[in-house]
Amino acid sequence: MPSFDEALQRAGEFGRFQRRVFLLLCLTGVTFAFLFVGVVFLGSWPEHYWCRGPSAAALAERCGWSPEEEWNRTAPALRGPAPPERRGNGRCQRYLLEAANSSAAVGALSCADPLAAFPNRSAPLVQCHGGWRYAQAHSTIVTEFDLVCVNAWMLDFTQAILNLGFLAGAFTLGYAADRVVPESPRWLITRKEGDKALKILRRIAKCNGKYLSPSYSEITVTDEEVSNPSILDLVRTPQMRKCTLILMFAWFTSAVVYQGLVMRLGITGGNLYVDFFISGVVELPAALLILLTIERVGRRLPFAASNIVAGVACLVTAFLPEGIPWLRTAVATLGRLGITMAFEIVYLVNSELYPTTLRNFGVSLCSGVCDFGGIIAPFLLFRLAAIWLELPLIIFGILASVCGGLVMLLPETKGIALPETVDDVEKLGSRKKKTQVSSSHL
């Protein structure tokens, strides 16, 4: 009786049928990309914004000021070392121009120097609760909904809600997928439904221009008892437990660093469109490097190296002087390249380390931690950047470097058939130990 792998090889392992399914799945990623990075443009911060009180508004109209002139004459000076996009007191307060000594009337204030009406040119400051003014050619959700100062956290919250939706979908759809997706013949084999699997294989063979002879009337099915997947299955045995914990951390790190570096483009103060273009283009060589390395040196080494490169690049960028922007851009791009590779490899490694009976559920659960990282990423980036612009890079660098070390503990899956059962996964660990023992005797 032929095995499933033999029948699949006969039907075509990557023919027209598989390419069509692959293309359809890729199309879903296009929509995902717009949702994922849209906040970089929709939530970009205006170059200048300030609080506009009633007296300042009337004065600007009387004096015929441009927005730039109004900002220079009526907005408090910026204070503190925080990045311009997140500086607090200077833009979250306004001068109480109504308190001018001579009169409360706007006419008492000079167009040339409104603060001259106050002793020592020191007007009292009050917190702003509305009336924001923005010097920006195009509007964003920040300018439309006044998501600045005390409301700035709402911008972070919008991206967190998006990732919360991804998280909910990962758990519900992943569990539902295992309970079927009948179009997956390999999954049907694990459910002891060989006849249905063979029927689908014949359909695949026909689409691929192949033919399954009548000798393929039955397929060997697994003897393992059929059961619905659960979280305990992912941590019950030593090898599964180790893989699950490391992969969860790898997913979390990839999401935090990847999303953090993308969203950081909106607060660095450079040309947003050029920076985003460079950041996007670097994903092409990342995919090429993956294709060139994973079949030659395996999965584990490129996985670890890409994380370490991303981590080191983030740490170096954090301490490079601002006077050499080309070098900062080059190193930051290298970090983006590294984390892009790591994010793409984790998909592959995760699917290859779980048995067929748990693959969809396990990948969904681990990638759910990725969505949890995406929920944290905007708060981690923007809140820490308010303290020091480069502080998030240090956190990203530490996370990626630690992840690079941990993934070296995973078994190598290059050239190994996909595990069908939990026992197959446990054998991956024992095979690694035997290889290490044999090498020590040489």
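Cβ coordinates are placed from backbone N, Cα and C, and glycine is handled just like the others.
Bear in mind that TrEMBL entries carry predicted annotations, made automatically and left uncurated.
Keep in mind the model is a prediction, meaning the values are calculated, not measured.
Listed in TrEMBL:
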type	residues	note
TRANSMEM	21-45	transmembrane segment
TRANSMEM	160-177	transmembrane segment
TRANSMEM	245-267	transmembrane segment
TRANSMEM	273-294	transmembrane segment
TRANSMEM	301-320	transmembrane segment
TRANSMEM	326-349	transmembrane segment
TRANSMEM	361-381	transmembrane segment
TRANSMEM	387-410	transmembrane segment
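Long-range contacts of the transmembrane segment (326-349) within the same chain: residues 247, 250-251, 253-255, 257-258, 261, 270, 275, 278-279, 282-283, 285-287, 289-290, 294, 299-300, 302-303, 305-314, 316-317, 320, 363, 396, 400, 403, 407, 410, 413, each at least 6 residues beyond the stretch ends and with a Cβ under 8 Å from a Cβ of the stretch. The stretch with the most CB contacts under 8 Å to the transmembrane segment (361-381), chosen from 273-294, 301-320, 387-410, is 387-410. Same-chain residues lying 6 or more positions outside the transmembrane segment (245-267) and placing a CB less than 8 Å from one of its CB atoms are 36-37, 39-41, 43-45, 83, 85-86, 159, 163, 235, 275-276, 279, 303, 307, 310, 314, 332, 335-336, 339-340, 342-343, 346, 349-350, 353, 366-367, 369-374, 376-378, 380-382, 385, 389, 392-393, 396, 399-400, 402-403, 406-407, 409-410.
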